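Written out below as structure tokens is the structure these notes cover.
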């Protein structure tokens, strides 16, 4: 989507704030002994309160309101009453929703409790990589400069990226053009960002793996070698100056 007027921007800001509220409420209430289904219901309550609808449920019939991935699960983890969170788990919450005809997508990874130092470093690297990519998100710049910045930050910290998962355009539907915002440098991607383009920017930073495998449930992606992955995601609007982050409170 390309934002063309203030009404569209306001619509995007509304749904961006809703998913951000849900993300933060889920992170705040996550605790050892809780099932991922219980955590999902916390996100659902926030969406329901504001009249928003889960995007993966609506568009793909996903068996949950939000995606909750734990440890070596990379993305699209199905909320389950049998999946119980433990102290030290690496938890990823990815939540996208629709309100008033506009979509927004956001995600965060965190360690439940103290946990291993390397996992805290991994989460911090994901945040740093997002910020480095964000600096390249300007109208007139090449899309592939985001991937260059993200990958360089990951490697500089001793990590790598999942190359088969990418950011994407968003706005009037969950996935739009540009279809892929790579997390590594693609020399063949010469497209330039247009002013007003709305994208979900989401680095996936890994302790080792660069690819994923399906877990066997038709949805969940995991690493093939038990590597851990942290993701940070925000929906942003590209401008000629600083991008507008729609999913930051």
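Every residue gets a Cβ built from N, Cα and C, even glycine.
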Listed co-binder of divalent metal cation 2 (same site as 105, 168, 233, source Swiss-Prot) among 73, 127, 202, 210: 202
Of the candidates 89, 94, 217, the one that Swiss-Prot places in the divalent metal cation 1 site of 105, 233: 94
From 94, 175, 233, the binding-site residues whose CA lies within 10 Å of that of residue 168 (divalent metal cation 2 binding site): 175
Residues close to divalent metal cation 1 site centre defined by 94, 105, 233, Cβ within 8 Å: 67, 95, 96, 106, 107, 200, 202, 231, 234, 235
Pairwise Cα distance for residue 233 (divalent metal cation 1 binding site)/residue 76 (substrate binding site) [Å, integer]: 14
